[in-house]
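Q: Got a structure for you, written out below as structure tokens; questions coming shortly.
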């Protein structure tokens, strides 16, 4: 009896050891991905603050083409990162992501002139909580989320269309509705992208180089989710100067 119990204990211990050995690389991949995301966010906010502190942010008011140049640059980087992921090196992927973070920091720096710093910090805290909860949900769930991709794409396109329409209408109530819808959509997208971090790991588990690349790709997606949540909530909750 004691011998059987001991054997059962050994089997259970061996099973736990195997499970831990399998899961540890996945956890490292997830941690690395979120580490890159946080590095990108830090670089963005440091860039914005430096431009604000040195008053270089005022260049936006004397060079009207600058926002468009930044937008084109950011779109080009995202397109290159997503469309040629199998061709460029890991170092190139990292450089592209960091450059994108800097460009976003430059583009967001005028917000420091428009919003009270205290309210911006408050919104950042709220976004961090919301993002953390939804990202954790994505990591925990075992459900296949690939079926939600068309729905997410439709929601993002609808959100973009509503934003363009309101550029011409300028309706405050419609703007508020867009912000609420944007928050809801990007909370869902955060869960989706968080789950995809694990899915990409399992898809490229035997390819170390691709794992490094999809880690950066996933970090960019999560970074964009956080930034968009921050912008929509800032428009809802931020206190203008």
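Backbone N, Cα and C atoms are what each Cβ position is placed from, and that goes for glycine too.
TrEMBL: automatically predicted annotations, no manual curation.
Fair warning: this is a prediction, and the values are worked out from it, not measured in the lab.
What TrEMBL records for this protein is below:
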- 34-53: transmembrane segment (TRANSMEM)
- 65-83: transmembrane segment (TRANSMEM)
- 95-115: transmembrane segment (TRANSMEM)
- 121-141: transmembrane segment (TRANSMEM)
- 148-168: transmembrane segment (TRANSMEM)
- 174-193: transmembrane segment (TRANSMEM)
- 214-234: transmembrane segment (TRANSMEM)
Q: Honestly, do the transmembrane segment (95-115) and the transmembrane segment (214-234) touch, with at least three Cβ pairs under 8 Å and pairs 6 or more apart in sequence?
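A: Result for the transmembrane segment (95-115) with the transmembrane segment (214-234) is yes.
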Q: Counting CB pairs under 8 Å, which listed stretch among 34-53, 65-83, 148-168, 214-234 touches the transmembrane segment (121-141) the most?
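A: By the under-8 Å Cβ criterion, the transmembrane segment (121-141) pairs most with 214-234.
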Q: State the non-local partners of the transmembrane segment (148-168) in its own chain: residues 6+ outside its ends, Cβ under 8 Å from one of its Cβ atoms.
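A: Tertiary neighbours of the transmembrane segment (148-168) are 174-175, 178, 181-182, 185, 188-189, 192.
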Q: Cβ under 8 Å to the transmembrane segment (34-53), counting only same-chain residues 6 or more beyond its ends: which ones?
A: 94, 97-98, 100-102, 104-106, 108-109, 111-113, 135, 215-216, 219-220, 222-223, 226-227
